[in-house]
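Residues or ranges marked as substrate binding site by TrEMBL: K66, K90, S344. The active site, proton donor annotation in TrEMBL covers K102. Summarising the annotation, TrEMBL assigns site 'Important for catalysis' to D142. Per TrEMBL, the feature NAD(+) binding site maps to T185, N216.
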Amino acid sequence: MNALVATNRNFKLAARLLGLDSKLEKSLLIPFREIKVECTIPKDDGTLASFVGFRVQHDNARGPMKGGIRYHPEVDPDEVNALAQLMTWKTAVANIPYGGAKGGIGCNPGELSISELERLTRVFTQKIHDLIGVHTDVPAPDMGTGPQTMAWILDEYSKFHGYSPAVVTGKPIDLGGSLGRDAATGRGVLFATEALLNEHGKTISGQKFVIQGFGNVGSWAAQLIHEKGGKIVAVSDITGAIKNSKGIDIPSLLNHVKENKGVKGFHGGDSIDPNSILVEHCDILIPAALGGVINKENANHIKAKFIIEAANHPTDPEADEILSKKGVVILPDIYANSGGVTVSYFEWVQNIQGFMWDEEKVNNELKTYMTKGFKDVKEMCKTHNCDLRMGAFTLGVNRVARATVLRGWEA
């Protein structure tokens, strides 16, 4: 099931639980604005190349829109719409004053030189500079983009509007980026997991974890869980998968990954089939890679008691049903991976104030937000007698709906 269908389905279920008016329900789904622009640049060899850039701005009832910019060859408009909508609910669940957006450029960043990427980013910014802004829409990095991309957007935007560090987040530290932003999503996953286990009278220490995906989020989550005494028994990434039932030595694995660009060939564990990673024996499974990896084919074979969704929509709705019948507790993506956007918000706040925080303050504030977020989700679960996913969705949708009505926008 694709991302848009799944997101719409969850939204409609939440709207029903909340008893929303059908007109209001309809207006909450329609994006505020969809932008599509042609970006033509000279390549290094002098020939011209054209790319399509786009931005979906979903909702701004609670504040400026916020969401990533991805550079990827297959940019599917449906997926971008779904992710923009998901950001609206995610920022509302995290209780930060933003709405949702998402965008990108259809290109293969691996086939472009650094200078071509810079020209492309600057042309894209020229085309959308009057549609983004500190109090309008604040982009961030996503697949295929990073701090350098944000630096180029900031510079190009500032040519039109004066120096505006708060127009993008995920910037290099030297240009107003926040300390702790790099680890934020992974650290948020740690805090979310702690909050959930605490509810069940458990701690991280001594629990067995399996992590699918060892990019930014998976590797930080692994490192922080390891430091808290969690036992990580299997890890996979694009290169392969490894397992060690006694617990993988995460610091050594991180060194191996740095040197070899992947987990493959790591000697502190046995190589396993990456497709079997999700069904390995463990207490807690953390999918931190792609969407749709837990589906009706493998859901029955999952042995974990808890699933923490560090990736976006890793679990298909069919798998959701199978797992909840088995009594598996799923902590939904819209709460579990909101650490990244929360620290993006801290970055924006610091930029607006012109006053930067130390890393300890960033991490403490993140913990406060994640802990409160879990309490709020649980309250909604009690009120509506529903699982954590619906608890999070009803929480997010309700906050956006209330802001919409208070502003006098309802149809």
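Placed from the backbone N, Cα and C atoms, the Cβ positions cover glycine too.
Among the recorded positions D142, T185, N216, no residue is found with its Cα located within 10 Å of the Cα of K66 (substrate binding site). For T185 (NAD(+) binding site), the same-chain residues 6+ apart in sequence whose C-beta sits under 8 angstroms from its C-beta are N216, V217, W220, A310, N337, G339, G340. Of all the Cβ atoms in the protein chains shown, 28 others lie within 10 Å of the Cβ of S344 (substrate binding site). Apart from K66, K90, S344, the substrate site neighbourhood in this chain, defined by C-beta within 8 angstroms of the site C-beta centre, holds G67, M87, T91, A94, I96, Y98, G100, A140, S338, G340, V341, T342, Y345. In this entry, K66, K90, S344 make up the residues listed for substrate, with the farthest two CA atoms of the set 13 Å from each other.
Counting only residues at least six positions away in the same chain, the Cβ atoms of G100, I334, Y335, S338, V341, G396 sit under 8 Å from the Cβ of K90 (substrate binding site). The number of other Cβ atoms within 10 Å of the Cβ belonging to the residue listed as 'active site, proton donor', over all protein chains shown, comes to 29. Spacing of D142 (site 'Important for catalysis') relative to the residue listed as 'active site, proton donor' is 9 Å (Cα to Cα, whole number). Between S344 (substrate binding site) and the residue listed as 'active site, proton donor', the C-alpha separation comes to 15 Å. Around the Cβ of D142 (site 'Important for catalysis'), the number of neighbouring Cβ atoms within 10 Å comes to 19.
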